[in-house]
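Okay, structure first, notes after.
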Amino acid sequence: MLRIAVVGSGPSGCYTAQSLVQQDPDALVDVLDRLPCPYGLVRYGVAPDHEKIKSLQNNLRTVLEHERVRFLGGVQIGPGGVPTTRLRDLYHAVVYCVGAATDRHLGVPGEDLPGSWSATEFVSWYSAHPDSVDDGFVLGARSAVVIGIGNVAVDVTRMLARGTAELSPTDMPQAALTALGASRVTEVSMVGRRGPSQARFTTKELRELGTLPDTAVSVDPAELALDPAYADPSGLPAPQRRNIEALRAWAEAPPQDARHRIRLRFFLRPVELLAEAGRVSAVRFERTAPDGRGAVTGTGRYEDIEAQLVLRSVGYRGVPLEGLPFDTTTGTVPHSEGRVLREGRVAPGEYVAGWIKRGPTGVIGTNRPCAKETVTSLLEDAAVLVRREVAQDPLTALRAEGVEPVEWPGWCAIERAEAELGASLGRGVVKLPDWESLLGAAHHNAL
Ligand code: NAP
């Protein structure tokens, strides 16, 4: 009987656990997470107003409630916690599903000025991530620049344009709701270094910007026309063609008056963040031109866009985990069909799935086939893996070493506490935003 540890309880971890118990009728799976709460980016990354995507938590829940799956939250793997080598001793196999925990950097002067944040920091704040700090993101700002044109950029742009009435029914923490409700940001420019036909956002997310109350979306037709595919998008793949058509509709629409304005900008690459009185005041961009091969070149012409708030939304990046090999170029763990490779050779018993395996791309559903491939490899290796003696029950061994995981009843207690908090505020469920309240709820109210 295989005992397997899955590290990370986001979509890739849950789909890995699901695939394991479905494909092996005896496998026992522990899903460990650093946080006391499961679901990874579904809880701490999907925007709070995307209730339908968030409801995926219900599917992931059935995995973690499976009789041969245990959720062990609040367990740090690596430095300061359980070493990866110890985990290998306790289980026949370990599958790392740790995602891409940090963000890419722009590498331009002024990037770290007060008022400039990574989109991840902003998302973590309004998603109540317990490591997030309330840095007064929107305080004192009138104009914001979002750098990047992927779906995260669209998320943060949309959140900046939403008002209290739309945000209050979400599970957003109360402090973020109050701050965003009082926000005086009325101008948001979302800026891409390449053209509309190379944008990474998906059409559904793009179009949603046009449905926001009291918000006008503007696109400059002359800027769109810099993209040769704008005049004739017929050669583009369907997703890009649909993006172009959505942008064309805004470009051709008569100007609109609204409290919030979202400007979608293209062919501008950030070269510097400018400061006034020690805070960011504008972003300097260089106008780019398509090079005919999908990339762009600089033109030596510059434009400053005013911003007291800058959100850098240029993608996530994997973080090396002590004891595991890491490819610094791709930010992933080298692998062959999910089997970890050490110096080009398979490391028996170690596997990866999700973003740490293939990089931070794709939608939540992409993790399903990715997890399945890894589990297929693992089960092919089962006959060898099972020969190794492991702990009778890894949880007993971990407890003996002073590890006190938040188990499923602890998580359910957090859920109850969040429902109670929401009721006391006249809202639905409201997330607990810090370690103290999460662990307090988990340890004191677990049944
Ligand atoms: P992304 O899709 O990789 O987009 C990153 C953006 O940053 C691109 O526009 C990229 O431009 C730009 N960029 C990168 N380096 C830059 C630089 N140095 N200067 C200026 N721009 C730069 O990443 P993401 O938005 O973080 O999304 C990550 C994944 O999560 C994606 O697969 C996304 O679809 C998914 N996601 C999905 C949803 C949803 O389905 N609702 C919501 C959020 C996230 P280039 O193309 O020119 O490199």
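Glycine is no exception: its Cβ is also placed from the backbone N, Cα and C atoms.
When TrEMBL records S12, I77, W355, G362, V363, I364 as binding FAD, the matching candidate from L35, L41, L106 it lists for that site is L41. In the three-state DSSP assignment, the secondary structure recorded for R194 (NADP(+) binding site) is coil. Of all the binding-site residues given, namely L41, V363, I364, the one with the smallest number of surrounding CB atoms inside 10 A is V363.
On its own chain, R194 (NADP(+) binding site) has F266, F267, T288, P290, G294, A295, V296 as residues at least 6 apart in sequence with a Cβ closer than 8 Å to its own Cβ. Checking the binding-site residues R193, R194, E205, G362, V363, I364 for a CB within less than 6 Å of any atom of ligand 1 leaves R193, R194, E205, G362, V363, listed in sequence order. When other Cβ atoms within 10 Å of the Cβ of R193 (NADP(+) binding site) are tallied across all protein chains shown, the result is 19. Distance from the CA of E205 (NADP(+) binding site) to the CA of V363 (FAD binding site) is 12 Å.
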